[in-house]
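Copied over from TrEMBL, here are the features:
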| type | residues | note |
| --- | --- | --- |
| SIGNAL | 1-27 | signal peptide |
| ACT_SITE | H414 | active site |
| REGION | 461-481 | region 'Disordered' |
| REGION | 496-525 | region 'Disordered' |
| DOMAIN | 532-614 | domain 'Carbohydrate binding' |
Amino acid sequence: MVILKSSYGILSLLVGLLAFKATIVDSFDYGDAIDKTLLFFEAQRSGKLPVGQRVKWRGDSGLGDGYAQGVNLVGGYYDAGDHVKFGQPMAFSMTMLSWAAVDCGAELVSLNQMGHTLDAIKWGTDYFIKAHPQPYVLWGQVGDGVSDHYCWERPEDMTTPRTAYKLDPEHPGSDLAGETAAALAAASLAFKPYDSAYSSLLLVHAKQIFSFADRFRGFYDDSISSAKQFYTSSDELLWAATWLYKATNDEYYLKYVVDNSVSLGGTGWAVKEFSWDNKICWNSSSPYKGAVLLDGAGGAYTSTLQQYQAKADYFSCACLQKNDGYNVPMTPGGLLYLHEWNNMQYPASAAFLLAVYSDYLAKAKGVVKCPEGQLQPLDLLNFAKSQGDYILGKNPKSLSYVVGYGQNYPLHVHHRGASITSVSILKTAVGCVEGFETWYKRPEANPNVIYGALVGGPNANDEFSDDRTDYEQTEPTLSGTAPLVGLFSKLHSLPRNSAGPYTPEPSDPYHKPQGSYPQPATTPNPKPAVPVEFVHVITNSWTVSKETYYRHKVIIKNVSQKPITGLKLYFESLTGSLWGLTPTQDKNTYVLPEWIKVFEPGSECTFVYIQGGGQAKISVQSYH
């Protein structure tokens with residue numbers, strides 16, 4: 001499927017969003033829905049699973065990915081019910097999760113889900129970093145959809161070819177590269193409050209990949225032909241540039257979006273879809289574009305940014321059936337319906353986008369003027385809620401299309417791993433043909449519940465067949481499920497829906513404490529655990545003999561109210577050279593330079609180190 005790329009998504013990203021106060025009564029536990037949704041991403045993990053893996057029926061898989069081509073591509077996510085790692089939808093999914101972390105941070109923190117969200121993002125972005133070993137090289141896919149679909153086996157038993165495919169100057173793919181740059185830029189924003197060094201590393205890769213995408217134009221499925229029948233695409237450069245503008249505040253990227261608005265389709269087409277392959281409406285509704293307009297800082301860009309916003313309004317009118325007949329089709333039960341295959345991804349992403357845009361309009365005290373009437377921000381939010389509630393069970397079938405949520409949900413999900421008994425129980429390998437004969441065709445429910453998976457959903461008449469062989473209706477995808485985290489976070493923030501953090505039942509086998517990332521402080525000016533803080537920034541990178549090296553700049557700041565003397569720092573995983581601190585006789589231990597006798601409150605000291613791989617871990621050993 002080839003669909004024109006999108007502008008509604010670019011004004012919804014250019015505006016700092018407010019929690020919109022609306023009088024809406026809600027009967028769904030959106031916190032539980034978020035928790036389940038994030039479990040789906042754990043079920044889709046490829047590679048060596050972490051100790052904290054909550055989905056226990058999965059095991060390690062794909063441990064040799066990329067090795068035949070001389071590159072480490074272990075990790076990342078399987079796309080759907082199969083075992084191909086498609087870069088295009090994976091990158092879109094990471095962008096959507098990052099968008100949720102950035103714009104719905106308060107809600108995710110209150111639900112104790114920010115850690116799990118960042119874990120899900122990092123599993124994808126770590127893979128993208130591996131897939132970008134050189135500035136103009138991006139590995140875009142592992143596995144082949146045709147050969148993969150000939151087998152029905154668990155990922156732990158895979159016997160299908162794990163061929164890896166790359167983009168380079170001779171084999172360009174500005175759509176896939178642009179999508180990946182957008183994901184890394186968005187993720188850099190998500191990680192910035194929690195891990196500044198990792199955030200900086202993501203931004204380095206995002207900028208390089210964007211430069212590659214812009215300089216070497218072409219569609220990735222012309223270079224990776226095996227993707228053509230599964231995930232064709234068009235250009236993602238506007239999408240990437242907008243995220244980079246938000247992440248860097250560098251006017252170069254805003255100017256890029258404006259200057260290329262016509263040539264790359266940002267303002268030329270009005271569309272009725274937002275998805276992994278179509279972001280024209282997103283480009284238009286981006287809240288970060290809107291912020292420029294609201295602040296009166298549009299300047300020479302104002303006219304073009306207003307054209308983007310017009311596309312956002314068109315999308316809103318079409319979704320809410322106010323577009324003089326040019327509307328998004330709907331089922332009799334009220335669900336947006338665009339495509340037979342995996343339709344549910346489209347109302348999910350549209351609902352999240354409309355919720356975002358309603359916040360932007362509320363802040364701007366704006367309305368949407370449609371051919372058949374005027375829409376208030378609350379109208380958009382109510383419609384987004386109607387789609388989210390349909391997904392969770394308020395539909396003619398009274399069925400939750402999020403697996404594991406509620407009492408009634410699909411049991412025969414089109415998913416290889418979920419449909420075959422776990423390797424922890426059935427330790428013998430299930431072969432390619434045996435999987436079809438014994439497990440694919442069996443009438444019983446799947447032995448493993450794939451919590452949080454958004455299946456393809458009903459047909460145009462709200463009819464649904466819970467049949468494993470009906471992949472159009474029962475197969476889940478990364479790109480379909482990812483928007484739900486942001487959507488359900490927005491809906492959780494509504495009045496009359498503040499039950500507090502989701503608390504799993506004692507029998508819930510998948511619950512663990514909050515993920516490995518700290519939560520932002522909820523009290524003003526909290527007393528720091530140590531008197532100094534470290535701010536990591538990656539200022540440069542280069543590649544030598546396939547090894548990438550990074551220049552790390554670290555700022556030490558005295559955040560206490562008292563002067564400090566004798567500050568001693570301990571380094572872990574420091575493999576390169578360091579400048580700006582004085583080494584001690586103790587291994588891996590440093591002190592401030594001799595000329596800093598007293599480290600005064602509010603003062604700063606900067607040092608630099610260079611090494612390949614990850615960053616060093618710095619801790620305070622002692623001080624006075």
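Any Cβ shown, glycine's included, is placed from N, Cα and C.
Whatever TrEMBL says is automated annotation, not expert-curated.
Within its own chain, the region 'Disordered' (461-481) is flanked in space by residues 37, 40-41, 44, 77, 79-81, 89-90, 92-93, 96, 275-276, 331-333, 335, 340-342, 344-345, 348, 395-397, 399, 401, 403, 410-415, 419, 440-441, 446, 450, 452-455, which lie at least six positions past its ends and keep a Cβ under 8 Å from the stretch. For the domain 'Carbohydrate binding' (532-614), the model gives a mean pLDDT of 84. Within its own chain, the residue listed as 'active site' has G81, V455, R468, T469, D470, Y471, T474, E475, P476 as residues 6 or more apart in sequence whose C-beta sits under 8 angstroms from its own. Helix, strand and coil counts under DSSP for the domain 'Carbohydrate binding' (532-614) come to 0 helix, 49 strand, 34 coil. For the region 'Disordered' (461-481), residue counts in helix, strand and coil come to 8 helix, 0 strand, 13 coil, using DSSP.
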